[in-house]
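See structure below.
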Amino acid sequence: MLVTIMFGITAGLCVIPMASEPFRDWVYNNFWVYFIAIVVFLVVSIALSCCANLRRQFPINIILLTIFTISAAVMTMFITACYNVQSVLICLCITTVCSGSVIIFAMKSKSDLTSKIGIAFMLSMVLFSFGMFALIFTLIFKWYFLYSVYSGLAALLMMFYLAIDVQLLMGGRKYELSPEDYIFAAMEIFLDILNIFLMLLNIFGRGR
């Protein structure tokens, strides 16, 4: 329920620059708002991830989650405003199908994916290293295809994380989240799906 509301807020903000050309022009001319949103997003994300008391104490947890959602939505709005509507909708459809499939698989699978958290972390480090390699070679040799390769691998990794987070939320596995950590669970699943969408947008998106 919380994740649905979070994506509803994000989608609502993203629609505005698509539907209003004056507002889209404002977005292009005020990118400083995007960087403020990044700072707020990072601060609140760290607070919710590291401070159990904050994410478990009502109503401060709801307030922080709301700030987190709005900042993420603003960031996404600025990003999607740079792409044409068709690209955004195509990536949205692909994300919906992929995420839905992963969630169903995680719920039905007998495999305990929560025990693979260490593998996911190692893959993240490998992907980070590849990202640095791709950035350097793209800047020096203009190998732009490496950016698409990186985005594709990142999307697959996010799907792996999504499956793990769904099983952590469901419980009954080697590792599980406490019912008190529902805010943290919502934040993690929201980020997994949002990152899948953004990585797909890097691959299939077409600029305005």
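From the backbone N, Cα and C atoms, a Cβ is placed for every residue, glycine too.
According to TrEMBL, the feature transmembrane segment maps to 31-50, 62-81, 87-107, 119-141, 147-170, 182-204.
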Contacting positions for the transmembrane segment (31-50) when only residues 6+ beyond its ends and CB under 8 Å are counted: 61, 64-65, 67-68, 71-72, 74-75, 78, 183-184, 187
Top Cβ-contact partner of the transmembrane segment (62-81) among 119-141, 147-170, 182-204 (pairs under 8 Å): 182-204
